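Peer 1: Got a structure here, written out as structure tokens. Questions coming.
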Amino acid sequence: MSSVTVDHIPGKGTDASHGHHEDHAHHMPHGWRRWLFATNHKDIGTMYLIFSFAMFLEGGVLALLLRTELFVPGIQFFQPELFNQFTTMHGLIMVFGAIMPAFVGFANYMIPLQIGASDMAFARMNNFSFWLLPVAAILLTASFFVPGGATAAGWTLYAPLTLQMGPGMDLAIFAVHIMGASSIMGAINIIVTVLNMRAPGMTLMKMPLFCWTWLITAYLLIAVMPVLAAAITMLLTDRHFGTGFFNAAAGGDPVLYQHIFWFFGHPEVYIMILPAFGIVSAIVPAFARKKLFGYASMVYATASIAILSFIVWAHHMFTTGMPVTAQLYFMYATMLISIPTGVKVFNWVATMWKGSMTFETPMLFSVGFIFVFTIGGFTGLILSVAPIDIQVHDTYYVVAHFHYVLVAGSLFALFAGTYYWLPKWTGRMYDERLGKWHFWMSMISFNVTFFPMHFLGLAGMPRRYVDYATQFTDFHMIATVGAFWFGLSQLIFLWAVLKAYAGKGEIAPAKPWEGAEGLEWTVPSPAPFHTFETPPVVK
Amino acid sequence: MMKLKGFLLACAMLVSGATAAQVRDMPGGPAVNQLNLSTGVTEIARDVAWLHWMMLIICLVIFLGVFGVMFYSIWAHRKSKGAKSASFHESVGVEIAWTVIPFLIVIGMALPATRTVVAMKDTSGSDMTVKVTGYQWKWGYEYMDGPAEGVKFLSAMSTPLAQIENRESKGEFYLMEVDNPLVVPVGKKVRVMVTAADVIHSWMVPDFGVKQDAIPGFLRGVWFRAEKVGEYRGQCAELCGKDHAFMPIVVKVVTEEEYAAWAEGEQKKLAALADDPNKEWTAEELLARGEQVYGAQCVACHQANGKGVEGAFPALDGSQIVLGPMADQIDIMLNGVEGTAMQSFANLNDVELAAVITYARQSWGNGGQGQDPVVMPAEVAAAR
């Protein structure tokens, strides 16, 4: 993003009056048709964001039910089977319903604006890939109400436990299939858009990092979603069609499932974090009023992380008893990932160094992201060491680790990005006071919730437990209080966003942030229905 | 409503500090508000704790360094303090440095970890072997060699349901106590072969630094050498269904003499369970044993009520053979009845045969009214 400037070419698009006419008369559908048949990237982006927030609330409520049960030892509210269903669905919904679609929403809305394209490459397919998601969400949620309830095998759906589940499991498999199909289509769309539709003059190495991270993420998606689909299809045939892929009694291998799953699952964690890196790389320079430090090394680091993510999957399986050489290989390879990730953190810090910083909400969330995500990165490095991993595998230490990267990483970056681009989406500035409250409440309560989980895990408290030894009580109580606090804090976010959408708040100029760079700030706020019908020229 | 009451009660107990006063560190299990890995009682567990401290300190130093810089610039380089932004935005030297230096640090971390990985995997030269099988939701233990060879038993959680459902106050070893702990001698290298019967479980004892998934169809080996006598506790660590939280592991580490004595006792129990033909069996014992044998061997044809199936399998209830002299029935049991489905049951031992014959003679309408109501194993032996 080093030297992007926009060249307005007055001579181009001579038929200005005609274009103007089209904008308002024909091309902007109204009513429910505008949304159901939406092909406009901004509308589809908005729908993705609304959908993912709804799923975030659903997954969040499930998490709060879990925390309620875990407030004190003993079984108070939910029988173990139901508790397991809540755990599983919390994971599935947050991963496939909340975090991933939220990033796709950002991609849909922002990538065309950032590269100066008029829309996504495949607008009609874009509509389809969005509308698959509510269908999948309904299937997933409905599975609570079938005999036997929702699947209770954990979001990883490990065989052979999944072979024991009721029809809720089949619904989950279909839902994940559909979400996977949606993701693949979304990814194809993003790749083609980024590679084919950049404005003249925007070379790949001038492209905003958010586009870069999404380009790489989209390749990851295309590479691994079919792998997940294969794994769950094998589950399905094992369950109903007499195959024995994962059933030892039929000559199958239960560990095979884990290998296939994590070959998807490990890149998946980068699918959920790389776009976040892109968002933060846009925001930190804007509020430090200084160019991003090491743009090129950021791109290389992102690519290295993506490549490395394919060769480390079995670090999720150290306790399955793999040979010593495999254990060493996966340990070394995993440790390597900390290096490009470290480069990213150093670059962000160097961007802030000798900047001229202000701390509006997007910047707060970005700095919060860097700080807390790095804690998750460190625990990740600690977990990469096989002997330590074996000691804390499947304990709350792991729960703490991945919530530090997924909540304080992905989610905080999503918040940062929302506040950053909300003026562009709504034409209004969000309420800064609400934004700050949201940040501080989220930041503090997040740590209250998840920091004690490190201690629980180190002391040997296994995860996915409905009940626990009395020695763990205090930390669980703290975590539960934090969880409710965190959950309620998200209502501030909802309020702030709705306020801006309701047209309350200062009218936003085209470029509301002094240090912001990029083509998206060259169009008015809110971004009109049609933008860049004539591509801008980037020097 | 009951649940709510239980919850409120539990809350009240906690708030009043009653629980806090009662909850103490669990010997061999978690301590109250434990903050770090337990140093455990094996070399491996100590190594792991050491590795963790090393990683923690290195990470903490880097953390303080990086975020020291970040927070300094947040404090000093802010617009409100009149900071003007500099224009530098790359430096090949710096970027190479902060790629290479972390690489060296990572190598430094990997070296000691490698040693521990290799040590953890080395199950050779073990003094004894125990096979552990995960079931939904209990553990099975089987001694493969040594004085306890052949001893096997199931080990299930012994915490009462009333404690889990908050109807009773929780005990000292809440959720982490079992009816039959695994018993091993102190200071011996114990190889543990882990497998499962249904789904994947995981056999974890933090104080030993051991966690091994129990995978159906596979045997996976780990080992430990406990250095201190005591009871050490762990839990299942792989989601295995409904009662995942309720299948704890207790390993009792005893002196070698105690172990030998325990093994001897278990062998005796095992022998007692095995049928001893020279033992004087009472009618009641034979009856009880006979019911088992009948249930396993005879019930499919002759039915639980002894009435058989009309036209196919003769009734035993009121049968002339069952009510007649024992010699005839013993003969049928040993040789079968030619031309019918009644095969020879000579593969059963004398006690089993005597027991099942006695059972048939005592049950249903027969009620021990015929001749020879009780048949002793010696009599079967004589007839063979």
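Just so you know, glycine gets a Cβ as well, placed from its N, Cα and C.
Note that the structure is predicted; figures quoted are calculated from it, not measured.
Marked as compositional bias 'Basic and acidic residues' by TrEMBL: A:15-25. The domain 'Cytochrome oxidase subunit I profile' annotation in TrEMBL covers A:26-539. Residues or ranges marked as region 'Disordered' in TrEMBL: A:1-25. The transmembrane segment annotation in TrEMBL covers A:44-66, A:86-109, A:130-159, A:171-197, A:209-236, A:269-288, A:295-316, A:328-350, A:362-382, A:402-422, A:434-455, A:475-498.
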Peer 1: Under 8 angstroms for C-beta pairs, at least 3 of them, ignoring pairs fewer than 6 apart in sequence. Is the transmembrane segment (A:269-288) in contact with the transmembrane segment (A:295-316) by that rule?
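Peer 2: These two segments touch.
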Peer 1: I need to check the long-range neighbours of the transmembrane segment (A:86-109): which residues 6 or more away from its ends have a CB within less than 8 Å of a CB in the stretch?
Peer 2: 41-42, 44-49, 51-53, 55-56, 58-59, 62-63, 65-66, 78, 120, 126, 133, 136-137, 140, 143-144, 150-156, 172, 175-176, 179, 183, 186, 190, 210, 214, 217, 268, 271-272, 275-276, 279, 406, 410-411, 414, 417, 421, 425, 464
Peer 1: Given the transmembrane segment (A:402-422), which of the listed stretches A:44-66, A:130-159, A:328-350, A:362-382 has the most Cβ pairs that are under 8 Å apart from it?
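Peer 2: Out of the listed stretches, A:362-382 contacts the transmembrane segment (A:402-422) most.
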Peer 1: Using a Cβ cut-off under 8 Å, which residues of the same chain at least 6 positions beyond either end of the transmembrane segment (A:362-382) come close to it?
Peer 2: 273, 276, 279-280, 283-284, 286-287, 335, 337-338, 341-342, 345, 348-349, 352, 388, 397, 400-405, 408-409, 412-413, 415-417, 419-420, 435-436, 439-440, 442-443, 446-447, 454, 513
